[in-house]
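Chemist: Below is one structure. I have some questions about it.
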Amino acid sequence: MMRPGAKQYVVARPLYSEESFTEEYQKVYRHRKTKMDLIKQYFTCDAKRAKNAALSLLPVIGWIKIYRIKEWLLSDIVSGVSTGLVAVLQGLAYCLLANLPAWYGLFSAFFPVIIYFFLGTSRHISVGPFPVLCLMIGSVVNRLVPSEEGLPALVNITAFKGLNLYEQRVLVASSVTFLAGIMQLAMGIFQVGFVVMYLSDTLVSGFTTAAAIHILVSQLKFVLGLPVRGISGPFSIIYTLEIIFNKITSTNVCDVVISLVIMVVVFIVKEINDRFKSKLPVPIPIEVIMTVIACGVSYAFDFKTKYGIDVVGHIPQGYEPPMAPDLEIFEHTIMEAFPMAIVGFAVAFSVAKVYSVKHDYTIDGNQELIAFGFSNIFGASFKSFAASTALSRSAVQESTGGKTQVAGLLSAIIVMIVTFALGFLLDPLPKSVLGAVVIVNLKGMLMQFRDIPYLWRRDTPDCVVWIVTCAASVVLGLDLGLAVGVGVELISVILRTQFPRCCVLANINGTDIYKDRKDYFDIYEPEGVKIFRIPSPIFFANIEFFRNKLVEALGFNPLRVLRKRNKALRTIRKLLKKGDLQWTSIGFLNTSFGPIKESEDESNMEDLDLVDLHSLILDFAAVSFLDISALKGLKTILKELIRVEVEVYIVACDTYVLEKLHRCCFFDDEIEPSMFFLTLHDAMLHILEKHPESIKKKFDYKKIITTVTVHHPGGSLRSNMGFSVLSEDTLTCGPGRTRMKQVAFY
């Protein structure tokens, strides 16, 4: 029933098949570029394109021209100083995850930032160490360079000769970072930034949650003050926990107390920052404050000597000379470098998208790949490790008023000052403080466990992807876990496409709208007409499913009916040839035994009249492509239906799908282009005109309501509140053309 005061519209037009529409309306011819044309266009260069390329490769040129010094500079300075202090602390803390000396984290908080300032498109993310990447690097380092207490290295690398343990580890970390940077740069140059789209938010959430668990376990040795060798590979987290529990009686009480105090205070102040962030001019830098206090107390009471706690130790002043990566290490780390490149870019790009939407500017995924690729290559040359962005550090840069990457550049300057002049002040800093800071900052990632109930209620397949990715990453390691997660995600997509929710449609009374007949009461289904919809592409993997669902909807198997009819026909011909069967006015007559009676033995005759369907409409509105296997299967299905005298109509077929059907010689004497109609309603009206008995057997009125308002060319809208019923007295438009009237209500 129509709502009172509902708006109405009327369309009065001819009934169109695809052929008749093409005849009446001429299409615009568009020249399709060949591959050679695209290659020529790609390598063609002019002044405008050179300028655009320069602006694209150096985004700093674009935003530096509009930089508002009076409005933005002070905010960027405040943000840069705040972010720099956090970057120093996180650089030292996250470096422990990579199993490297702490001061190398300061290198990672400096060199990549400088390159990103010139090449990056995001104005708000803070580039530098990211805990998940640090953990992945630490896994590679442990595999190639085990600690003194661990097993000997599984590979013999020539470049290790003459290097001490830490130098070997730094070489591995910088080499795998260099390789990851090359991969990111290559993906950016070849414009394949879309690969990150295969990492859904659900997968990234499950993966980062598993990474948080790995990080938590890896920091327990610092919090408890236990000597635990690094372990990599599948089940490493279980082996690490086993070692920790075996050594739990050797826990350093001083480290535990320091860690608990740091975690409690930092947690409380961070909650205050979150709750009163609208009232605070800048977040309270509690990590920095507690680090300064811990350094002072540790130095004053000589914690290292009295209580045997492990401290950061001597931090060399300045930067080390550049170093070339080792190609032999490339051979042993290529499988780990690729997931590092993908994860580092995916996380940074996700954070960058959030801030770009919030502050109304655009970012370029491919340029971001180039920026991170160059950042990691340049940084690795100076012994830093893979860079991305830490969520908390980027939040500090944005929330303290940062407007552009000038804030990022200033944060790098703060890190440089600490490296050159203030590093000695951090010598007495207990490593348990850094471990506690890392653990507290895992809160956001660990709280993602709350996504599980939500995903289970809203989208069970996505929930399965989350759980499998998280579990696999925890048990098998981050690299294999990511591969498993991507595999499960692709399988879920394939299964959803391979087994779509097909349905039978029916007309909503009084409209030209067709919906699933199971969902509505007031529907109209003409006698002998079936409308079948498949809401997905049709390809080799789901063509058989499509056939089975179609047979289920029809209520009969056309191939089986055809075979039984052919069998019955052969039997009749055989009896006629023998003279045992004659045709009379009352039907076939067996000359030996009288009229033929139906029996169980003559089951070949029983299905001859079961097909009570004369027309089938296939709704292809959601079919975006068909492959060759699907074309062959579809053609077979259509021929079977046509041969059992069922007229088939395909509606709303995509233009490019239709063109492919023509190119692949889909049409023949049985399957003709005339079976394709523009819309479902066009096909339905065509069927009702061709089979008027379908209307008479059901409903005596109100089959399809005509239009209510007609728009006349050159005139205005004219209302006509009268309704009329579709009947045999349809209006015509041209020779043999039916004029269709439709209505839809808002």
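Glycine too: its Cβ is placed from the backbone N, Cα and C atoms.
Copying in the features that TrEMBL gives for the protein in this structure:
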type	residues	note
DOMAIN	519-687	domain 'STAS'
TRANSMEM	73-94	transmembrane segment
TRANSMEM	100-119	transmembrane segment
TRANSMEM	170-196	transmembrane segment
TRANSMEM	203-224	transmembrane segment
TRANSMEM	244-268	transmembrane segment
TRANSMEM	280-301	transmembrane segment
TRANSMEM	337-357	transmembrane segment
TRANSMEM	369-386	transmembrane segment
TRANSMEM	406-426	transmembrane segment
TRANSMEM	433-452	transmembrane segment
TRANSMEM	464-491	transmembrane segment
Chemist: With pairs 6 or more apart in sequence, are the transmembrane segment (433-452) and the transmembrane segment (280-301) linked by at least 3 Cβ pairs under 8 Å?
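Modeler: Contact between the transmembrane segment (433-452) and the transmembrane segment (280-301): present.
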Chemist: Among 73-94, 170-196, 280-301, 337-357, 369-386, point out the range having the most Cβ pairs under 8 angstroms from the transmembrane segment (203-224).
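Modeler: Selected stretch: 337-357, with the most Cβ pairs under 8 Å.
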Chemist: Looking only at residues six or more beyond either end of the transmembrane segment (280-301), which have a C-beta under 8 A from one in the stretch?
Modeler: 78, 82, 85-86, 88-89, 258, 262, 265-266, 269-270, 272-273, 309, 311, 396, 399-401, 425-426, 428-430, 433, 437
Chemist: For the transmembrane segment (170-196), give me same-chain residues lying six or more residues beyond its boundaries with a C-beta closer than 8 angstroms to one of its C-beta atoms, as numbers and ranges.
Modeler: 98, 100-101, 104, 137, 140-141, 144-145, 159-160, 163, 323, 325-326, 329-330, 333-334, 336-338, 340-342, 344-346, 349, 365-381, 383-386
Chemist: Could you pull out which residues elsewhere in the chain have a CB under 8 Å from any CB of the transmembrane segment (406-426), counting only those six or more residues past its ends?
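Modeler: Distant Cβ neighbours of the transmembrane segment (406-426) are 67, 72-73, 75-77, 79-81, 83-85, 87-88, 91-92, 103, 106-107, 109-110, 113-114, 116-117, 125-127, 295, 312, 314-319, 397, 400.
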Chemist: For the transmembrane segment (100-119), I need the partner stretch with the highest count of C-beta pairs below 8 angstroms, choosing only from 244-268, 337-357, 369-386, 464-491.
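Modeler: Top-ranked stretch among 244-268, 337-357, 369-386, 464-491: 369-386.
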Chemist: In the same chain, which residue numbers or ranges, 6 or more beyond the ends of the transmembrane segment (369-386), come under 8 angstroms Cβ to Cβ?
Modeler: 57, 95, 98, 100, 104, 107-108, 110-116, 119-121, 127, 129-130, 133-134, 136-137, 170, 173-178, 180-189, 193, 319-320, 322-325, 340, 344-345, 348
